[in-house]
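In what follows, a structure is listed as structure tokens, so that the remarks can point back to it.
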Amino acid sequence: MKVNIDNKIKLHGFNNLTKTLSFNMYDICYAKSAEDREAYISYIDEQYNADRLTEILTNVTEIIGANILNIAKQDYDPQGASVTILVCENPIEEERKEALVKETPGPLPEIVLAHLDKSHITVHTYPEYHPDEGICTFRADIDVSTCGMISPLRALNYLVHSFEADIMTMDYRVRGFTRDITGRKLFIDHKINSIQNYIPSNIKTKYNMIDVNVYQENIFHTKCRLKQFDLDNYLFGYTKKDLYPKERKKITHKLKKEMDEIFYGKNFDEVYYK
């Protein structure tokens, strides 16, 4: 259903639709020794500590034009962090309303617009490593849940830029219903056919993307994987010049196998690569 400013839908009471964006990013690297793996985990833990994550979520809140009611943040031992922000709505300025219903990438934090009520933003981090293979991964799980007119997809552009991930999985769903003035139920209040429409072209050219959408259920799923692979970008503490060719090939295989398994959500046997 298309909503536009010139032909507004008249609602009965408040817009009761709940819109939720789940954004998961993965960073993958290879650390040669146990000490290197521990150093990577410590580096990631510091890079994405509770204070840094709070800064990112605060910028998300500004982008969608909300007021912060409460912030709860926590760093964990031995690693990981989480932040939860409760937010409430800001009034929408008339000249900004048109931007709220467009199926286009959202702004970066310099531009502030949106509308929220009874909503929350959360992030949790999950650093880990393989006990034997030298592979280390970091996952950040961000949920932006809103009630009202604006879609949390407006924050997606900024989140993509904030993490520059190797792999991303994004889920968007709309739940509940609101009513027009005749009492007719509305189960979605904006046009959408893909989450990809909210990702800028310069980002889309860098990733291979797959959509799995269930339109009749208002469920949209997109996963992305970097096209370009440069081994130097995945080595922690040294470069490929420090490795023998045979070792480079072995590490490249391990990294690509790890990325395949994360992207497709299943384990692959070695025979798959022969």
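Note: Cβ is positioned from N, Cα and C throughout, glycine not excepted.
What Swiss-Prot lists as active site, schiff-base intermediate with substrate is Ser119. Ser119 (active site, schiff-base intermediate with substrate) falls within a strand segment according to DSSP.
Annotation source Swiss-Prot lists pyruvic acid (Ser) at Ser119, citing sequence analysis. Its Cβ placed at the centre, Ser119 (active site, schiff-base intermediate with substrate) has 25 other Cβ atoms within 10 Å.
Remark: His124 (active site, proton acceptor) has Gly80, Ala81, Ser82, Ala140, Asp141 as non-local neighbours, by Cβ distance under 8 Å and separation of at least 6 in sequence. Summarising the annotation, Swiss-Prot assigns active site, proton acceptor to His124 and lists sequence analysis as the type of evidence.
Here Swiss-Prot flags Cys147 as active site, proton donor. In the three-state DSSP scheme, Cys147 (active site, proton donor) falls into the strand class.
A straight line from the CA of Ser119 (active site, schiff-base intermediate with substrate) to the CA of Cys147 (active site, proton donor) spans 6 Å.
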